[in-house]
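Copied from Swiss-Prot, the annotated features are:
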COMPBIAS  250-268  compositional bias 'Low complexity'
COMPBIAS  440-460  compositional bias 'Polar residues'
CARBOHYD  Asn154  N-linked glycosylation site
REGION    235-281  region 'Disordered'
REGION    427-460  region 'Disordered'
TOPO_DOM  1-10  topological domain 'Extracellular'
TOPO_DOM  32-42  topological domain 'Cytoplasmic'
TOPO_DOM  64-67  topological domain 'Extracellular'
TOPO_DOM  89-125  topological domain 'Cytoplasmic'
TOPO_DOM  147-168  topological domain 'Extracellular'
TOPO_DOM  190-328  topological domain 'Cytoplasmic'
TOPO_DOM  350-361  topological domain 'Extracellular'
TOPO_DOM  383-460  topological domain 'Cytoplasmic'
Amino acid sequence: MNDLQWPLLGLFSVLIILALFGNLLVCAAILWDRSLRKQPENLFLVSLAVSDLLVSVLVMLFAAVNDILGYWPFGQFYCQFWISFDITTCTASILNLCAISLDRYWHISRPMVYIRYCNRRRINYVIVLVWLISAGIGAAPLGFGFGSKVTINNLTGLPVCEMRLPLPYAIGSSMVSFFLPAMVMVILYTKLYLYARKHVRSIKTQLQQATSFLIMQLASEKIREVTAATLKGEALLPPDSPATERTTMTVSRHYSRRSTTTTTTATPRRGDKKTSSQNKVESIRTSIFSKLNFLCPTRFKNQRSPQDPHTPAAHNRSNISDQKARLTLGVIMGTFLVCWLPFFTVNILRAWLPEIFSSKTIMAVTWLGYANSSANPLIYSIFNRDFRRAFKKIIVRVFGCCWEEPDLNKSISSRYAAPDNIERRRSCTRSSESAHDNNNDANATRLNLLSNNNEETIPE
């Protein structure tokens with residue numbers, strides 16, 4: 001082996017191991033974990049993992065041997081089947097990715113229709129259709145007697161398994177196997193991203209309108225209170241009066257697609273003491289925010305009271321979901337297009353002009369496509385919290401070890417936490433530390449008392 005073959009051996013080994021064990025782990029997680037098994041949409045992930053697993057076992061292993069040795073040692077018979085397995089399994093992997101994008105689009109954009117019509121039986125029909133189309137495209141070279149042939153290299157005298165596809169088949173199979181599914185995925189994921197942005201902006205607008213409406217209602221209620229007191233000749237206490245006033249406030253928010261209804265009821269009860277104006281405003285803000293926190297917990301989970309939506313902290317928090325959507329869709333589509341677009345472009349041009357590309361170029365774009373089977377378990381499974389939890393259980397059961405799962409959402413949210421939340425967490429920490437110290441002092445006091453009592457009971 002020369003100096004170039006050793007790095008290739010290491011690279012091919014890493015890709016094969018990732019594809020093999022990653023997809024095995026996905027299948028095991030869905031089969032063993034009850035919560036994952038109950039979700040019908042995970043059947044698409046099982047089908048994707050099976051197709052990528054077959055790519056690693058039936059295609060990548062033999063391609064690695066062929067490219068490292070520089071010749072084909074497995075004979076004419078398996079050369080034909082190897083090319084057919086390559087086309088079938090890679091097409092199934094791409095079509096499964098397209099089916100996953102369709103499933104996610106219907107699940108998010110039309111959830112009621114999805115819940116009503118999408119079940120295990122229909123998902124199984126789609127998976128069977130995916131594999132039938134893939135098998136039909138992959139079996140065509142065997143049925144019509146084209147696609148591969150073992151020839152003898154004139155320079156080395158060693159056998160070489162060559163792929164020879166007619167131009168009509170190369171164009172047709174590339175359209176069905178990649179270009180049409182890629183077009184569908186780009187359109188659907190773009191629409192999903194735009195839908196998510198529109199949904200987030202709609203929620204932000206509704207929250208701003210509801211907050212403004214509540215403030216107007218409270219102001220008008222206070223005006224009516226002052227007017228009634230003036231007409232009755234009652235005295236109005238100044239805002240900084242030490243008297244107390246209890247205010248019971250109920251806020252009900254009902255969202256619909258076209259309207260937002262807010263009902264506010266303020267019942268003041270005057271007593272001998274009244275609270276200051278600042279405490280009243282703070283109690284009202286806290287009550288309002290508690291309702292908003294219930295209605296939109298992901299946005300207001302770490303805040304104590306509603307803030308101005310135009311402040312930098314609120315703006316950063318509102319952009320977290322948008323950044324996550326861009327990152328997720330960018331990783332999904334970026335990895336898919338980078339891996340497969342060069343291969344299918346070269347595939348069509350190679351059928352048209354066979355001598356235009358070198359063997360190294362063909363090997364590079366081929367393994368770039370195979371790398372997608374190694375990346376799919378990482379993209380579609382490990383970034384999912386339920387799958388990470390299932391992977392942890394499997395690894396603990398098999399190897400007897402464990403890891404501390406990082407909370408990505410918590411780390412991102414902590415970056416944009418409001419200063420009052422940080423101070424509150426610090427105060428809670430100081431309180432817990434002081435409580436711990438007090439408990440230690442109390443325990444030490446008890447021990448001293450016990451020791452003193454014991455010393456008194458010992459006879460001299």
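Glycine residues also receive a Cβ, built from the backbone N, Cα and C atoms like all the rest.
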Residues outside the topological domain 'Extracellular' (64-67) whose C-beta sits under 8 Å from one of its C-beta atoms, at least 6 past its ends, are 8-9, 12-13, 16, 73-74, 161, 363, 367
CB contacts for Asn154 (N-linked glycosylation site) [other CB atoms within 10 A, all chains]: 6
Per DSSP (three-state), Asn154 (N-linked glycosylation site) is coil
Which sequence-distant residues neighbour the topological domain 'Cytoplasmic' (89-125)? Criterion: at least 6 residues beyond either end, Cβ under 8 Å. 40-41, 43-45, 47-48, 51-52, 54-55, 58-59, 131, 133-134, 137-138, 173, 176-178, 181-182, 184-185, 188-189, 191-192, 195-196, 336, 340, 369, 372-373, 376, 380
Beyond a gap of at least 6 residues from its ends, the CB atoms lying under 8 Å from the topological domain 'Extracellular' (1-10) belong to 64, 67-68
List the helix, strand and coil residue totals of the topological domain 'Cytoplasmic' (89-125) as derived from DSSP. 34 helix, 0 strand, 3 coil
